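Chemist: Relevant sequence annotations retrieved from TrEMBL are reproduced here:
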TRANSMEM  14-33  transmembrane segment
TRANSMEM  54-72  transmembrane segment
TRANSMEM  84-107  transmembrane segment
TRANSMEM  127-148  transmembrane segment
TRANSMEM  160-179  transmembrane segment
TRANSMEM  191-209  transmembrane segment
TRANSMEM  240-259  transmembrane segment
TRANSMEM  280-306  transmembrane segment
TRANSMEM  340-365  transmembrane segment
Amino acid sequence: MTTSDLHNFHAADYAVFGGMLLVSMGIGIYHACAGGKQKSTKDFLMANQSMRSLPVALSVLASFFSASTLLGTPAEIYEYGTQYWISVFGAMLAPVTGSLLFGPMFFKLKVVSVFQYLEERFQSKSVRLFGALIFLVKTIIGMGIVLYGPSTALSAVTTFPEWAVILVVGGVCTFYTTIGGLKAVIWTDVFQTLVMLAGMLAVIIKGAIEVGGGYELWNIADRGKRIEFFRFDLDPHERHTFWALTIGSYFVWLAPYTVDQQMVQRFSSARSLKDAKTALLLNVPFMFILITLCSFTGLVMFAFYADCDPLKTHEVENPNQLLPLFVVELFRDVPGIPGLFVACLFSGAMSSISSMLNSLSAVTWEDFLKLKFYKVSDERATFVTKCL
């Protein structure tokens, strides 16, 4: 494939991608004007504790499954096989733990910042501030990683430079998060989750048809030694084993689904404890579906490139660009679908970034500025968090 082919992004593709950005901005504008108009910190940071379980569930899912998952999981399956899919079983236990053990405690405490709990638990303001500071540093770095991944992917299939993509998408994210508050973040997450699922399904269905159907796809992957499950080897030098994937993935996902600031804010935004617990339990089947779709996409890619590995021919520089290349080649005669896929990737990134932005402003105000400016009115405090 030539460079000109790779950058063959049609007007319809730009329209679909631009439409996703406009809808996200529209949701922010709507929530800036509707209801309480985000004039109180309870509205802006806690969605006025009025959210039902399904939008909260999809928002939590979208926040923790970024473009890194959508790009990285298929690439992992492509290179090393289906063993990685086993991680889904450990991952699904994390939201159960959060729903039954941690979430109810934070819900009853009515904390805006999870680090308020540290001060109450250890009777130490220093512990609270230290925890909050670590969170700020980690989240700012995390936003960079989350946004950079899909930006490299988009620059691989268009003529847009990475810095321009980062500025545009980051700007849109900042806009709707600032004016719409947590309600806008949650509802854009719902929309962006649907875009993610539509993009992945389109790739899987079209890819499976191109390689001759599901049966042939499985046979090609099997001949390429990519089909492997339940390796119970205890050797820690092995890349993936059942034990490492299930136990390891449980602890990887445990913190996000139990004590992470983003999760606690969403849990506290639910209208009741029952809605909050249901929201996390719904993440069990949702995680299974999303990780399975990402894994199956990797198998489709392997079957498609079974006789011509783009990594070996140097058509792409790194595994993260495999999926964008695959989509452009797969849908070269179907304008709009590559745009849907790029929208899918950026939906994963934007949902994570908007959640991080809202959490950053909450922690900065609640754990640092509020301690000094505690006499400030709630309306002025809301204005400050928007500026942050």
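Yeah, the Cβs are placed from backbone N, Cα and C, and that goes for glycine too.
Remember, predicted model here, so these are calculated numbers, not experimental data.
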Chemist: Would the transmembrane segment (280-306) and the transmembrane segment (14-33) count as touching if the test is at least 3 Cβ pairs under 8 Å, pairs 6 or more apart?
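Modeler: Between the transmembrane segment (14-33) and the transmembrane segment (280-306), which are separate recorded stretches, there is no contact, as judged by 3 or more close Cβ pairs.
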Chemist: Considering only Cβ pairs under 8 Å, which range in 84-107, 127-148, 160-179, 191-209, 240-259 makes the most contacts with the transmembrane segment (54-72)?
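Modeler: When the Cβ pairs under 8 Å are tallied, 191-209 comes out ahead.
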Chemist: Which stretch from 84-107, 191-209, 240-259, 340-365 shares the most C-beta pairs under 8 Å with the transmembrane segment (14-33)?
Modeler: 340-365
Chemist: Flag the pair the transmembrane segment (240-259) / the transmembrane segment (160-179) as in contact if three or more Cβ pairs fall under 8 Å (sequence separation 6 or more).
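Modeler: Counting Cβ pairs under 8 Å, fewer than 3, so no.
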Chemist: Same chain only, please: residues at least 6 beyond the ends of the transmembrane segment (340-365) with a C-beta under 8 Å from a C-beta of the stretch. Say none if there are none.
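Modeler: Same-chain contacts beyond the flanks: 13, 16-17, 19-20, 24, 41, 45, 59, 62-71, 112-113, 115, 132, 135-136, 139-140, 142-143, 146-147, 149-150, 153-154, 157, 169-170, 172-174, 176-178, 181-182, 184-185, 188-189, 191-193, 195-196, 198-200, 202-203, 261-262, 265, 323-324, 327, 331, 381, 384-386, 388.
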